[in-house]
Amino acid sequence: MIYQSPTIQVELLEDNIAKLCFNAPGSVNKFDRETLASLDAALDSIKQNSNIKALVLTSSKDTFIVGADITEFLGLFAQDDAVLLSWVEQANAVFNKLEDLPFPTASAIKGFALGGGCETILATDFRIADTTAKIGLPETKLGIIPGFGGTVRLPRVIGADNALEWISTGNDQRAEDALKVGAVDAVVAPEALEAAAIQMLKDAVAEKLDWQARRNRKLSALTLPKLEAMMSFTTAKGMVFAVAGKHYPAPMAAVSVIEQASTKGRAEALQIEHQAFIKLAKTDVAKALIGIFLNDQLVKGKAKKAGKLAKEVKNAAVLGAGIMGGGIAYQSASKGTPIVMKDIAQPALDLGLNEAAKLLSAQVARGRSTPEKMAKVLNNITPSLDYAALKHSDVVVEAVVEHPKIKAQVLAEVEGYVSEDAIIASNTSTISINLLAKSMKKPERFCGMHFFNPVHKMPLVEVIRGEHSSEETIASVVAYASKMGKTPIVVNDCPGFFVNRVLFPYFAGFNGLLAEGGDFAAIDKVMEKQFGWPMGPAYLLDVVGLDTGHHAQAVMAEGFPDRMGKSGTDAIDVMFENKRLGQKNGKGFYVYSVDSRGKPKKDVDPTSYGLLKDAFGELKTFEADDIIARTMIPMIIETVRCLEEGIVASPAEADMGLVYGLGFPPFRGGVFRYLDTMGVANFVALADKYAHLGGLYQVTDAMRTKATNNGSYYQA
């Protein structure tokens with residue numbers, strides 16, 4: 001053994017080829033400080049051994065290296081620029097040391113080689129991948145750029161155009177696609193991986209392969225003619241900005257760094273990367289996006305833990321077919337859990353099956369599935385008009401019409417047909433789980449399971465704990481949601497649960513603006529373009545449905561009369577009473593037609609403006625800051641109330657609920673990250689300016705205390 005540490009082992013194989021194996025104690029390899037220090041020490045040991053003629057990098061795991069240890073980032077990025085620069089330079093010295101070894105090097109890549117893992121393989125002369133390999137630099141998705149030489153080496157390996165696409169999108173690439181652009185030199189079967197890498201090194205040692213010429217290309221400036229370079233980078237800037245937009249600076253910074261470094265050798269090029277990396281690491285966007293990544297890990301960790309308490313779900317059922325039932329059935333079956341779809345009407349079952357088939361056909365058309373897989377998934381969906389089909393179901397999801405009496409009746413009925421230990425969950429967006437539980441003989445085996453529409457696209461599922469729900473029930477439904485490929489957050493029962501409870505104060509703020517003559521299209525534009533929502537409030541209400549919004553608003557007003565009670569007609573009422581229900585009937589705030597691709601296309605409609613003018617008078621212009629404050633303050637305060645009341649367990653889960661359930665702008669990180677970035681004291685001062693607008697604008701006592709103490713919701 002040439003070198004050994006808890007994360008890396010180096011041994012000498014036949015023909016004096018050294019093998020460096022990444023072998024961290026956990027399930028995956030990642031570059032934390034310890035692994036980086038071990039790699040540095042291992043390379044020193046390798047350099048000192050005069051017998052070594054070549055080096056192969058391998059992994060003992062199913063993956064190569066998944067990237068840097070992101071849990072270290074926020075603390076590290078909070079350091080002074082000089083400290084951060086020192087860390088980046090020390091880390092890069094390790095990768096330079098690998099690249100500068102006096103003999104040929106190769107990486108044997110399986111599974112993920114992402115971020116720092118990808119930058120490791122770029123520092124070797126040859127790269128062999130097996131068919132499971134996925135390679136990429138996802139840093140721009142975290143608001144930063146590669147910091148271990150990725151922007152320098154990748155363009156010199158695969159060309160500037162390809163590198164610009166890889167780095168600016170942050171997407172990982174399959175082995176076959178990496179081979180096409182020259183990121184890897186060969187793709188082999190998993191069992192042949194190490195042998196193929198060693199054979200390539202033997203050929204390099206025997207001078208059949210010119211490893212030094214390859215290395216020199218990475219150390220030199222890019223060989224791009226001036227005119228071609230100018231055209232390439234100008235085109236890239238336009239394309240990248242069109243996708244990334246003004247709120248996500250990292251992709252554009254990556255283009256700029258690659259352009260500036262294109263005429264430099266390695267040392268100068270790395271300095272350009274270092275400076276841009278440090279600048280981006282200090283941004284609020286990086287803090288927000290890294291925070292989302294860490295929050296996602298926390299939520300998934302909780303779900304994994306729940307799996308240990310959970311009853312295994314081998315068979316499921318959904319009550320109520322149609323679009324929602326079909327979506328739930330598709331999601332369950334496509335992730336491997338057979339499901340019975342029960343309804344009282346054959347046309348509803350046909351609609352549900354058609355919905356599942358339509359979603360599967362789209363997967364096949366996009367090349368993400370095959371007709372064989374589609375048939376297998378459809379065979380996992382069993383339509384039935386009879387409750388008897390549910391007798392083997394471990395979990396039954398009730399998804400009938402959103403009416404308390406009908407739901408209660410169906411829940412009471414189904415309890416008589418399922419097994420003693422079956423779990424029943426209600427897919428409801430507003431109806432109290434405690435209320436529905438009153439109709440059940442075993443309320444401990446009942447909870448809420450709120451899917452968001454469309455089911456196949458929306459990642460969030462709210463699992464609602466009723467006062468009688470057992471821990472096993474909650475754990476089992478959380479585990480089932482995870483198995484379906486969803487991100488579950490557990491919330492306690494209250495009107496609207498978590499997501500709808502915080503959404504409707506936002507709509508109330510919007511209604512307030514319209515009642516004073518606000519222009520809904522202008523408000524949408526501000527909330528989309530400036531704040532960053534995927535849809536403004538008027539457009540979102542049209543998509544949700546004004547009938548659904550009208551009903552949910554009434555539920556919220558009844559549940560929280562002090563803050564959400566209504567004294568008169570608002571804009572939602574106006575649209576609903578005039579049968580303008582949104583996209584579902586082609587007219588709401590906007591009017592809808594179908595474009596050439598069959599998608600709804602919205603246009604401003606003078607009729608809706610006329611109705612609002614009749615109700616609220618002439619249009620009035622509001623400043624953008626005023627629009628943002630009046631819509632967002634109620635949502636933010638209500639979110640804080642949910643945390644204080646224990647409806648949601650942590651700031652992390654609340655923020656993930658907002659990002660995944662409502663499309664809260666990821667670059668802002670969620671309400672609690674937004675509050676911390678703004679400063680709680682600054683927010684309280686802003687809210688106080690609008691306190692005269694009513695209860696939704698009144699901050700809590702705990703918020704005032706936190707503001708006075710200069711506190712934050714996340715620990716630095």
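Heads up, the Cβ atoms here are built off N, Cα and C, so glycines get one too.
Listed features, source Swiss-Prot:
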type	residues	note
REGION	1-189	region 'Enoyl-CoA hydratase/isomerase'
SITE	GLU119	site 'Important for catalytic activity'
SITE	GLU139	site 'Important for catalytic activity'
BINDING	ASP296, ASN500, TYR660	substrate binding site
REGION	311-716	region '3-hydroxyacyl-CoA dehydrogenase'
ACT_SITE	HIS450	active site, for 3-hydroxyacyl-CoA dehydrogenase activity
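Annotated features, which come from Swiss-Prot, shown on the structure.
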{"residue": "GLU119", "record": "site 'Important for catalytic activity'", "DSSP class": "helix"}
{"residue": "GLU139", "record": "site 'Important for catalytic activity'", "DSSP class": "helix"}
{"residue": "ASP296", "record": "substrate binding site", "DSSP class": "helix"}
{"residue": "HIS450", "record": "active site, for 3-hydroxyacyl-CoA dehydrogenase activity", "DSSP class": "strand"}
{"residue": "ASN500", "record": "substrate binding site", "DSSP class": "helix"}
{"residue": "TYR660", "record": "substrate binding site", "DSSP class": "helix"}
Same chain, 6+ residues apart, C-beta under 8 Å of the C-beta of ASN500 (substrate binding site), given in sequence order: SER429, THR430, ALA552, MET556
For TYR660 (substrate binding site), the number of other Cβ atoms found within 10 Å of its own Cβ: 24
Spatial neighbour of ASP296 (substrate binding site) that is closest, considering only the recorded positions GLU119, GLU139, HIS450 and their CA atoms: GLU139
When distances run from the Cα of HIS450 (active site, for 3-hydroxyacyl-CoA dehydrogenase activity) to each of the recorded positions GLU119, GLU139, TYR660, the nearest one: TYR660
For GLU139 (site 'Important for catalytic activity'), nearby residues of its own chain (Cβ under 8 Å, 6 or more apart in sequence): GLY115, ILE145, PRO146, GLY147, GLY150, ILE167, GLY170, ALA250
Packing count at GLU119 (site 'Important for catalytic activity') (other Cβ atoms within 10 Å of its Cβ): 28
Distance, GLU119 (site 'Important for catalytic activity') to TYR660 (substrate binding site) (CA atoms, angstrom): 30
Residue among the recorded positions ASP296, HIS450 whose Cβ has the most other Cβ atoms within 10 Å: HIS450
Among the substrate-binding set ASP296, ASN500, TYR660, as the record gives it, the longest Cα-Cα distance in Å: 20
